[in-house]
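Please read the structure below before turning to the comments.
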Amino acid sequence: MPHEELPSLQRPRYGSIVDDERLSAEEMDERRRQNIAYEYLCHLEEAKRWMEVCLVEELPPTTELEEGLRNGVYLAKLAKFFAPKMVSEKKIYDVEQTRYKKSGLHFRHTDNTVQWLRAMEAIGLPKIFYPETTDVYDRKNIPRMIYCIHALSLYLFKLGIAPQIQDLLGKVDFTEEEISNMRKELEKYGIQMPAFSKIGGILANELSVDEAALHAAVIAINEAIEKGVAKQTIITLRNPNAVLTCVDDSLSQEYQKELWEAKKKKEESAKLKNSCISEEERDAYEELLTQAEIQSNISTVNRMAAVDHINAVLQEGDPENTLLALKKPEAQLPAVYPFAAVMYQNELFNLQKQNTSNYLAHEELLIAVEMLSAVALLNQALESSDLVAVQNQLRSPTIGFNNLDEAHVDRYADALLSVKQEALSQGQDTLSWNEIQNCIDMINNQIQEENDRMVVLGYINEAIDAGNPLKTLDTLLLPTANIRDVDPDCAQHYQDVLFYTKSQKLGDPKNVSKVLWLDEIQQAINEANVDENRAKQWVTLVVDVNECLDRKQSDHILTALKSSPSNIHNILPECANKYYDTLVKAKESKTDNESSEGSWVTLNVQEKYNYYYNTDSKEGSWVPPELCLSKESWLTGEEIEDIVEEVTSDYIREKLWSASEDLLVRFEATTLGPALREEFEARKAFLYEQTESVVKIQAFWKGFKQRQEYLHRQQVFAGNVDSVVKIQSWFRMVTARKSYLSRLRYFEDHKNEIVKIQSLLRASKARDDYKALVGSENPPLTVIRKFVYLLDQSDLDFQEELEVARLREEVVTKIRANQQLEKDLNLMDIKIGLLVKNRITLEDVISHRKKLNKKKGGEIEILNNTDNKGIKSLSKERRKTLETYQQLFYLLQTKPSYLAKLIFQMPQNKSTKFMDTVIFTLYNYASNQREEYLLLKLFKTALEEEIKSKVDQVQDIVTGNPTVIKMVVSFNRGARGQNTLRQLLAPVVKEIIEDKALVINTNPVEVYKAWVNQLETQTGEASKLPYDVTTEQALTYPEVKNKLEASIENLRKVTDKVLGSIISSLDLLPYGLRYIAKVLKNSIREKFPDATEEELLKIVGNLLYYRYMNPAIVAPDGFDIIDMTAGGQINSNQRRNLGSVAKVLQHAASNKLFEGENEHLSSMNNYLSETYQEFRKYFQEACDVPEPEEKFNMDKYTDLVTVSKPVIYISIEEIINTHLLLLEHQDAIATEKSDLLNELLESLGEVPTVESFLGEGAVDPNDPNKENTLNQLSKTEISLSLTSKYDVKDGEAVDGRSLMIKTKKLIIDVTRNQPGSTLTEILETPATGQQELEHAKDMESRAVVDSRTPEEGKQSQAVIEDARLPLEQKKRKIQRNLRTLEQTGHVSSKNKYQDILNEIAKDIRNQRIHRKLRKAELSKLQQTLNALNKKAAFYEDQINYYDTYIKTCVDNLKRKNSRRSIKLDGKAEPKGTKRVKPVRYTAAKLHDKGVLLGIDDLQTNQFKNVMFDIIATEDMGIFDVRSKFLGVEMEKVQLNIQDLLQMQYEGVAVMKMFDKVKVNVNLLIYLLNKKFYGK
């Protein structure tokens, strides 16, 4: 890759042949080649940077660019850049390069290069520059392609489409290694380097007449520039043939200077490059400025002049002039907005002043104007109070705000609206960038404070609940809590008050919140502080008063009572003595128990809390002391208060009576009262008698006065009409404004409540609409319109679909790879076993090992068909064959009857292989819901067919081995159900295996033999017990019965655990297995109506437990239930434990009791019966599952509306075999001549060969291993995009359902843009121009989304054409379709076509379900892939383990001492340096020890003449035993300690040696251990 300004890197060394260094010819040639490589790397870097600018995308490093361009993706993207009408992104093959990264180049990558060449041809680039397709794809001449890119860049620059390519020669550095590598590459391909310097001249020679005139004009400009006369230069620039724009005569001097400098620079660069080239060979444009370069320099001068003008205008301070200057195209600045002219002026002027040079460069203006324009749009949105627009503007990347959190954009917008209103009220039109940023920072701080306070709120509530005062105090003192006036001394009281407050809140049912909020906590703290002050005041009063009484200071009592700010009011100085005397008397009455009193004064506050004060230490506390003895002799606060109030009230009462004594006397003496009352009553009686007259007089007088006032007021109004009108208008205005401002203040004061109410209303409305959509039988159109957007397919939908497709491919590929690897490993296991038994040679094993490693390492090369003659070649005939195969497999997928019949037409061995490979491959191993749905339909059809034709009795399902049941179990125990079995059984199985102390053996004879072996092994003496016993005899021994009972108890406990795991995990059971169990039960009931429920459930149990779970329990290592290391295995005890559990569960599932030979286990029969009841309920619930149509939300029309076509990955061999089988059994599976299957098979013709499938030339005909190569290539997988032969392609529906789907899409498009309460109203109302425009925009947006859709996910051409129709034409087409649908009975105009609206509502509901299911499928596929990867890793460990074993064998073969034993760690047993002495015994001695039991045809007294020599061999565990009779060697046998241990494990007590010597196996093992192993 290029590096800039690094001294350690290399640049080329140019020079003449005569140099000071006096180089040799070889050295000069070497330097020339190095310079060529460097120049070519520079051209690569130039092309890379130019393409990155055009594509706005990063390209591979320079040294990797050639390889990165071979797939043509970047070239096709470049073609899309300069010829977008010819090349679209959807036409670019492998646009994301996922296939290229995964499996390298594919022949279809050449399509990208062809599109690039055609695009260059379309814009008129001379073909002399074009490379060949093979130059790019096969890397035959990559420099030619780079040469073409340079020519294209210059051509596009002249057309004004692309920027000019840079000249980087001598400006970038490369390491010596990079230059050398490039030189070697160029030499390797023998490529002649193109003349990059002559591109300009060649383009000029290829120009038309008009372009020749352009060439002449450009030369004239260059000559004028050379002369240096500005006026002459401006004349040549004005020449129309030069096609130059924006030439300003006033800038002639600047043009001359800029162009002259550019020309001199180019001449110097040309001289440097062409020092060794003759002038005849040079290109004219190497020294002359091209038209594009001249235009570029003119634009540069214009831009500089425009920037100068902008800086000058900013100094003048006129916003309008500033706006005009910014708008000039020569300035090359972003768009500006007139309404923000003042802001541009002020902000840019301030920015100019901050600059040290008092000048803004173009780059600074570019950034500033772009940001200010974004701020202007934001201010505009704020003025219109458009929250959505404000939020969108805040998200704009050009505005560049810091710390903008997407989640809080709505709060920013609300805050900015408030700030904007305040600014407008103060006369400020726009908010500056800094003001907006400050507002954002303020909101961020508020949010942070709120979050912090919520956290600390939780801490405080937790501390309150914990009841720890110190912890509560710590949380209250946290700075983020912001709790005021917290006194550490009051910690206990704070805890008490807060706990009481929270308890009250919890007890109030009206309170929804069950925590204390910060305002409630602050209120409680304030209340506690008040309590503290009150308590201290009372303590001061009590102490002062009691001390005053103790000291008998009567003159100080008034001061003590007044100085304490307590609740005692109206303390009168006149009563001082009375206070003192009364208090003394009260205190004297309490001094009886003075000797036993303490020093504590207790004060009760609010009748809830106690405050404790120590009179000795003068300290108070809310915490109860350990020993609280009250000071009984002192008066309490309440007593003092009562006494003072009583004395004061007595005194006041006495004074009141004294003051009122004279008044009472006078009142009693007066006699005026009765006379006045008598006079008043007389007057009232008179008026009552004259009521009518009084009323008339009053009415007349009031009317007269009112008329006088009205007439006077009328005269005043008549004389001041204008004033009256003005006053009235002002009053109305003031009243309205007051009402408005009052309402506004009310809204401001209740903003939070208003927002909540609005949110609740919107939410309620949305809920009502959703309920109507979901729950209503006939949802109205107005509701449906609100939710139709949910039917849109987003980019995320397409990405998820692609990811699902990718994972499906990976899962299917990994399953097949693991299956093949497992077969090879099993074969390897067998071969190693045969090696151990000496049945095959080590060379055979090594040969298979090489094949295995070759597969594991992926060394088998899968050939790509690049000769355009294979099944996927671009020929019409091959394409038709491919499409027919795709239609054939689609038919087999969707019509299960064909495969169901085919399965039963084949022999058992062929059908099993067919099911394991072709069928599961055809359904992608049910890697998605569609395939799982279809596979279940096949299972159902095949199972019903098998039961109908092959099952004669109910028990045949249990006793036989039904093909479909075997297929279902095999599938659900495979990759799809493996995780289920692991989750279901792994924990309990692992627990059983890891329990080393667990021993379950329910065979009495085995228990007996193990007991006898144990006795003999421990004692070393022969047991007196018999070795061969029956079950009944074994059970007579108490030891055996005890061990058996212990085993049964252990068995019951362990079985409970396994049963519990199974019963509780019903939901984990695969749906497919449960559904087939349901089908099995219903099919059996249908064929055998007399079968009882018990019989049916036993059959279900046979499927679910015996066939599916039982083998996994017995052999968990074989079904990947537990993880096993390579070479690891389950020992015999563990396997027996698992087998015992499985046996009990099997009996329980079939409700079979222990009888007959298992009579000794009859104690478990009650347990079996109870367990069966649990199983019975489990089997019933297992069958309670919905139909696949409901479960997967699918039907036969689902494929018509899915985003992507179904794809399967199948090998060539499987395609050929399937084709062959279909032809072989065609008459049986497609009986009707008009059957579609017959039509497809007829189209395909004969079964093709592998070679014809791959295409001619795929295999060398002279290859001696042609057959092996073809066999290997037949396993090559290809992808088939399945399609129906009768897909709708011509725009006409084949049935009412398809027409319904098309009509629904059209209705959805129309209802988006045209309002109306019913469909009929919309269709009858003409669309406005605005609605047509909005509809066109929507369709354009959809077309953009569709353009990014992968080919396999694109909709049919008919649907696309319908989408392009104008609104009115769509409505007419809807009306036609609705009439057709009404004739077929699908809709009715009587209910205003509500049926089709109901279908749309159903689609909306199902879309959410589909997305949810797709996410679940993604997760499920990922889990399956992870499990498969783990399994593959285990197989690789197994391969490595076998490698170690075989390598050890090879190493040992190379040694001369082949007799030494082989171990898996590669180490041989050390060869002894001394000969081992034999152990010698007479037969009589061995007989005495109990080892030897007898010798055939020899008396016991002759045993002393028989001698046995036992010799340890060099092989570990192997012993030679020689026998001698009377000193003569008779025979020799070899003992293997492993064989003896196996016999002991199997319970064999006696064995024969030399065919006549009977020995005790247990005692022989004991003897060998003692003599040779010291144990």
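Keep in mind that glycine also has a Cβ here, set from the backbone N, Cα and C atoms.
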Selected residue, Swiss-Prot feature phosphothreonine, from candidates T881, T1019: T881
Record feature phosphoserine (Swiss-Prot), assigned residue among S16, S299, S693: S16
C-beta crowding around S599 (phosphoserine), within 10 angstroms: 15
Long-range neighbours of the domain 'WW' (594-627), counting only residues six or more past its ends (CB under 8 A): 489-490, 492-493, 496-497, 500, 531, 534-536, 538-539, 542-543, 633-634, 636-637
Among T356, S599, T1002, T1269, S1279, which are recorded as modified residues, the nearest neighbour of T881 (phosphothreonine) by Cα: S1279
Number of Cβ atoms other than its own within 10 Å, given for S1279 (phosphoserine): 13
Residues of the parent chain within Cβ reach of the domain 'IQ 1' (690-719), under 8 Å, 6 or more residues beyond its termini: none
Protein Cβ atoms within 10 Å of T782 (phosphothreonine), excluding its own: 14
Fewest other Cβ within 10 angstroms of its own Cβ, chosen from the modified residues T356, T1002, T1269: T356
Pairwise CA distance, S1279 (phosphoserine) versus T356 (phosphothreonine), rounded so that it is a whole Å: 67
Residue among modified residues T356, S599, T1002, T1269 with Cα closest to the Cα of T782 (phosphothreonine): T356
Local confidence of the prediction over the domain 'IQ 2' (720-749), expressed as mean pLDDT: 90
Pairwise CA distance, S599 (phosphoserine) versus T356 (phosphothreonine), rounded so that it is a whole Å: 80
Three-state composition of the domain 'IQ 1' (690-719), taking helix and strand from DSSP: 29 helix, 0 strand, 1 coil
All-chain count of other Cβ atoms within 10 Å of T881 (phosphothreonine): 20
Conformational class of T782 (phosphothreonine) under the three-state DSSP mapping: helix
